[in-house]
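Below is one structure, written out as structure tokens, with a few remarks after it.
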């Protein structure tokens, strides 16, 4: 038995085709469409109570799926009055998109329907269009201001040309694309085209986009020659184009002798290059050579100051075996991962060089510079803690999200390099756009580090930054010796007295676990006081204070 559901009375909405307010995209038309649809809902309810009639034919109903839910969502969106909120018509099994799209609409989500096409005319105000998981075989002309387009998992064989000049994100994976547009929007940060039928790419692909952009071409039938040409171009010195993910996967650079790789960074410095030839058999030398080769392919290679910093590090490591050993150790395994891991590892090597300079007495005669380097170390430690919490928070929020902690850590370092005067780290990174670190995150981190520094930098230098104690032993041996004597003396009677008092205060006398916990707290407090007083005395004697 079939119960009739009257078709929605959409016809009268467009009785006067000459009227501007009757255009499918106009607010008036959309309003009357919603009104008519609402009347149809009421009519359907009354009809079902009083009569049983034949079901409508396919011609009598303008769409399949759940049109009434689409009506309700559209009405709710209009009533909310916030044009920045997306109109969400996803998961409704709609076949055509018959709802008139109101002018002024900025964000539209029609994911997971059964759409075979989209309206020929989309609102000119549209900024974001989500239309994945449908049956689209073509796309209409796209609004010039469109910034984000997601049409993954459809049946597209090509993309419209030209693409909007403002487009920043394009997801077109899992379609049947046989070619990419010749002209790529210059602002595009992400082009996802994996799992298509691409056999070639535009010749100018690598020159149309900059180093911040990424293109995913995995799982396409690209000939080996095409892929090899792309890889060769991306690994050329000075390459400043996009990062491209290819079907062949990561490409292993041929391993070169250490001195040959070093020579690329030290042009004309034959003496230093010859010295590096003698380190080829040291443990970790081969990994370090490969690391230096990969470092030439990073986004920072085009920066003159960066290249000079690498060269300085190489010259310093010639005469400092311990520093060289740290370089070799840190390079182990670093080249097996993405480009940004290479950059983050180099940042660590720069930190090792800075600490080596301090410990070797380079700043013994310039305590002001020494303390500034101490602030840099404090800020880096604070940023590490913030990055770690960001990673944990992102994973708690979405356990299935692909969070790469390397990108998170490096994002904070590069984005706060100037603000926090972290001048020794690399200035750029490749994949900032997938780090999940927002401008708001960066601003909060800067404020947090400044607050932590204001409260805790003095204690950090006095008790936790080992280079300071080594410097003090050299420049103020008497003060350092007196400090050691004070510490030894305080760890006797003062420590025992304070511990007994605290145990009694908490009713835990004789409790071994409490002794360990309270004992550690008291020892730290004693060290803070004595080391802090000594540090302040040494600095005051040289006209400095924190």
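Any Cβ shown, glycine's included, is placed from N, Cα and C.
The region 'Disordered' annotation in Swiss-Prot covers 1-70. Sequence annotations record features per position, and here Swiss-Prot assigns compositional bias 'Low complexity' to 22-48. Marked as compositional bias 'Basic and acidic residues' by Swiss-Prot: 58-67. As annotated by Swiss-Prot, repeat 'LRR 4' applies to 167-186. Residues or ranges marked as repeat 'LRR 5' by Swiss-Prot: 187-208. Marked as region 'Linker' by Swiss-Prot on the basis of similarity to another entry: 249-256. Residues annotated as active site, glycyl thioester intermediate in Swiss-Prot, with sequence analysis given as evidence: 338.
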Beyond the flanks of the repeat 'LRR 5' (187-208) by at least 6 residues, Cβ under 8 Å:
152, 165-181, 214-223, 226, 230, 233-234, 239, 241-242, 244-245, 433
Neighbour tally for residue 338 (active site, glycyl thioester intermediate), based on other Cβ positions within 10 Å of its Cβ:
15
DSSP residue counts for the repeat 'LRR 4' (167-186), split into helix, strand and coil:
0 helix, 3 strand, 17 coil
By DSSP, what is the split of the repeat 'LRR 5' (187-208) into helix, strand and coil residues?
4 helix, 3 strand, 15 coil
